[in-house]
């Protein structure tokens, strides 16, 4: 495939056959994005990359948890900085972002894209930046660190991302305060279940009567599990994989049912949306869901809140000692 | 001693008139706060001039239609009111008139709640005249002016039916004919929250209404005898308190959030609910009546929203739905000592009065509600035809009625800023789409 257009046609033709399974669809997204990278590189003309580099994706893509549609979130780490390299990768980053948008991964509203100098740096500059983020502890810096922690190498040298994540792990060992800042950043949880035990739905707007799975269900699991992973130095990115690793750290009781719940959640997002238009993959009209499924969704939301609260308690008590 | 009591009666009802008129201030803040910035000056200002129109029409014909000598349907004397006679063992005619006119203005203001943010200014002018002449006085005559419902023993102490339901039914007719505001409903039928611009105004509006209600209900005793006004004020306070709390907890239980506008409507619901029964029921019953009103208003707002009846300030729910409940509550809770024993209807169902009073109350609600709705609907339909539509143009509605109907914004600086923001957003979007 030589053009964005041909990738888009191929993607639109094939995506329906992957709608049944979260792993399949995420593998497919990976393939599509790699092809975008290829075309983007070819658009740079005859110039070959002047040095080694890594292209990573983060956000839901990094966690291997994309639905049918999601924003683009990605960055570049290259070997070393000089005028030529800086210019080349900046241009490549812009081209990638443009290409992804073209074929259906809309620009990231938070500007987490390789076209943003913050997310396109040499390894050395990345190390400095991460150090600054950790020292700085501003709300924004903590948010960036969490986003980076979900980074997964899609192309190039794997160990760049690993090296940077190790930096975060080492730092929090010496400065438990960092964990407290992470907690503060994710502490607020939107109530998913009302006091009378009903699932809370949107009151107004185009999603009236829908439950927002992202805020009520996904985020509590994702955030809690990421926090534990930072604490224990787990560098995998998918929430399920992180859970499987964390079980070995004596969190069996804490994580009970969570893996099954999260798998179901990924599945629900895909299956309940079949036949809908794909404008947003996180809202589900609760009235259209069967009684059985409603029960399960409610349980998933409840367990998510329990996990979230317990992880915060546990991490807080750890940072106090 | 007797002369002193008469003077005190007059003084208390005159104070009541002042308190009820101050409720217009409450409505100004309530309505302006519950709607958008671009309409704030208009909503505040129109409330003042419609109060002016209501007063003059009531003076010319309204009072006569209610209290004049006539038949079971309407009164037909005492037009262009000018009785300056002094107190003769009771209220002076002027004190009585002053108190009555305020109720007519309040009812008119409630009706205009259903017009908010989309009706032409001229519609306000003409409907204010017609409502104050042909809708409110007729219902008031039936129940308070010795008309056919009064003969049945209808109990409406301060006007749940006469003032609130009548206003709300006119508001309903307007809501149906005017149709929802631009942007309220989406193509798929879901609705948007066109949030009011100032919750502090709305809260203060509710508080002023609450205080004014002590005059509305308290002075409906028409005197100070036995200090009964204190009992009425106590019931009023209890019901309002219960309504606010009930609505807040109901909203919290249903939506997960203790929504502020809903809580405020709960307080008003408690007040509307107790208006008919404040002089008939025990304090514990006032609490129950207020609680039920507060719960009802939450679900009523949801139902109207679902039915695609766009009610920006919840007038239909607060004054309509709850007005009905308040009137019916007499049929359940009226104490024998305050009804049968003083020959004002029967005791309620819970006091051995059977279904008789409940039936009378229901009849009153249906007859008054139907009359107010049908006549308002016909009047508005005719106005719609004659005036080439009741509604401002789409462009005017988007600009806001401050600028389209009055030529200046209620918030000039802020609105200028909004325009800058809109044009900036357009520029940014333009940049995005061209990469």
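First residue shown is number 1, and so on along the chain.
Cβ coordinates are placed from backbone N, Cα and C, and glycine is handled just like the others.
Where the annotation comes from TrEMBL, it is an automatic prediction and has not been curated.
TrEMBL lists B:12-31 (among others) with the feature transmembrane segment.
The average pLDDT computed over the domain 'Ammonium transporter AmtB-like' (B:12-411) stands at 95. If you look up TrEMBL, you'll see B:12-411 marked as domain 'Ammonium transporter AmtB-like'.
Residues 24, 27-28, 31-32, 35, 74-81, 97, 100-101, 104-105, 108-109, 112, 116-117, 121, 124-125, 128-129, 131-133, 136-138, 140-141, 144-145, 401, 406, 410 of the same chain lie 6 or more positions beyond the ends of the transmembrane segment (B:43-66) yet place their CB under 8 Å from a CB of it. Sequence annotations record features per position, and here TrEMBL assigns transmembrane segment to B:43-66 (among others).
The list of residues near the transmembrane segment (B:97-116) in space but at least 6 beyond its ends in sequence, with Cβ under 8 angstroms from a Cβ of it, reads 13-14, 16-17, 20-21, 23-24, 27, 31, 35, 39, 43, 46-47, 50-51, 54-55, 58-59, 62-63, 66-67, 81, 83, 123-124, 127-128, 131-132, 136-137, 140, 159, 162-164, 166-168, 170-175, 178, 216, 219, 311-316, 319, 376. The transmembrane segment annotation in TrEMBL covers B:97-116 (among others).
Annotation source TrEMBL lists transmembrane segment at B:123-145 (among others).
Remote same-chain residues near the transmembrane segment (B:157-178) are listed as 103, 106-115, 118-119, 127, 131, 135-136, 139-140, 143-144, 216-217, 220, 232, 272-273, 275-280, 309-311, 315-316, 318-320, 322-324, 326-327, 364-365, 368-369, 372-373, 376-377, 380-381, 384, 390-391 (criterion: CB distance under 8 Å, separation of at least six residues from the stretch ends). Annotation comment: TrEMBL describes B:157-178 (among others) as transmembrane segment.
For B:199-216 (among others), the entry in TrEMBL reads transmembrane segment.
Sequence annotations record features per position, and here TrEMBL assigns transmembrane segment to B:228-254 (among others).
As annotated by TrEMBL, transmembrane segment applies to B:266-299 (among others).
The transmembrane segment feature in TrEMBL is assigned to B:358-380 (among others). Within its own chain, the transmembrane segment (B:358-380) is flanked in space by residues 111, 127, 130-131, 134-135, 138-139, 142-143, 149, 152-156, 161-162, 165-166, 169-170, 172-174, 176-177, 276, 324, 327-328, 330-332, 345-346, 348-349, 390, which lie at least six positions past its ends and keep a Cβ under 8 Å from the stretch.
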Which one of these stretches, B:12-31, B:123-145, B:228-254, B:266-299, has the most C-beta pairs shorter than 8 Å to the transmembrane segment (B:199-216)?
B:12-31
Taking B:12-31, B:123-145, B:228-254 as candidates, which has the most Cβ pairs under 8 Å with the transmembrane segment (B:266-299)?
B:228-254
